[in-house]
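K.L.:
Straight from Swiss-Prot, here's the annotation block:
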BINDING   49  O2 binding site
BINDING   53, 59, 97  Fe cation 1 binding site
BINDING   59, 101, 112  substrate binding site
BINDING   127, 130, 165, 168  Fe cation 2 binding site
């Protein structure tokens, strides 16, 4: 029998059942294979956030249960792209996006390559009122599950002055995603 480095076929339904507790807040996601050149991650809802991911490579989204959406950011402008159950989206490199999963028990399969040495991801927080970048941090991303929480904590722990918008002076609400989204809704309508 051939030695398959990543094992024999995986029963995805059984894997989902076995990891159901990891696909809910506060964890919300789980990487399937740890030592592959591909990061194959299942992300569960509910999960709302106010950061935007700048991925240097393509990112594939397959929304296989429930609905979600991506909030895109470019040059201070926002756009919403809905991901309905059954939808797939291949996102081009450097498309700043903020996945929003408001539905409980929603599930999305996210597939992306591990980054080549020296190629970093970035995460930025921008002002909901005017779209100006408030903070941006680069990271060498090896594991979505392990590498992101410290980055978020760094932003959340930053002072109000460090979260003050250089464009309009509004203070980013940090962990209060709902306040950020309410402000965005007021300024987008």
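The backbone N, Cα and C atoms fix where each Cβ goes, and this holds for glycine too.
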K.L.:
Taking the mean position of the Cβ atoms of 127, 130, 165, 168 as the Fe cation 2 site, which residues outside that list, in the same chain, have a Cβ no more than 8 Å away, listed in sequence order?
P.N.:
126, 128, 129, 131, 132, 134, 166, 167, 169, 170
K.L.:
Under a criterion of Cβ-Cβ distance under 8 Å and sequence separation of at least 6, what residues of the same chain contact residue 165 (Fe cation 2 binding site)?
P.N.:
127, 129, 130, 132, 134, 171, 172
K.L.:
Which one of these binding-site residues has the most other Cβ atoms within 10 Å of its own Cβ: 127, 130, 168?
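P.N.:
Per the Cβ count within 10 Å, the most buried is 127.
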K.L.:
When the Cα-Cα distance from residue 112 (substrate binding site) is computed for each of the binding-site residues 49, 97, 168, which gives the smallest value?
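P.N.:
With Cα distances computed to residue 112 (substrate binding site), the winner among 49, 97, 168 is 97.
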K.L.:
Using DSSP and collapsing to three states, where does residue 101 (substrate binding site) fall: helix, strand or coil?
P.N.:
strand
K.L.:
What is the maximum Cα to Cα distance, in Å and rounded to a whole number, among the residues 59, 101, 112 annotated as binding substrate?
P.N.:
19
K.L.:
Any same-chain residues 6+ apart from residue 59 (Fe cation 1 binding site) with CB under 8 Å of its CB? Would you list them in sequence order, or say none?
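P.N.:
Set apart from residue 59 (Fe cation 1 binding site) by at least 6 residues yet with Cβ under 8 Å, we have 90, 91, 97, 110, 111, 112.
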K.L.:
Show, in sequence order, which residues other than 53, 59, 97 on the same chain lie with their Cβ within 8 Å of the centre of the Cβ atoms of the Fe cation 1 site.
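P.N.:
Apart from 53, 59, 97, the close residues are 52, 54, 55, 70, 91, 95, 96, 98, 99.
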K.L.:
Any idea what the Cα distance is from residue 101 (substrate binding site) over to residue 53 (Fe cation 1 binding site), rounded to a whole Å?
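P.N.:
Pair distance, Cα basis, whole Å: 15 Å.
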K.L.:
Once near-sequence residues are set aside, which residues in the chain of residue 49 (O2 binding site), 6 or more away, have Cβ atoms under 8 Å from its Cβ?
P.N.:
98, 99, 100, 177
K.L.:
What are the non-local neighbours of residue 53 (Fe cation 1 binding site), defined as same-chain residues 6+ apart in sequence with CB under 8 A from its CB?
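P.N.:
Non-local contacts for residue 53 (Fe cation 1 binding site): 96, 97, 98, 99, 121, 122, 123.
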K.L.:
How many neighbouring Cβ atoms, not counting its own, are there within 10 Å of the Cβ of residue 101 (substrate binding site)?
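P.N.:
Its Cβ has 23 other Cβ atoms within 10 Å.
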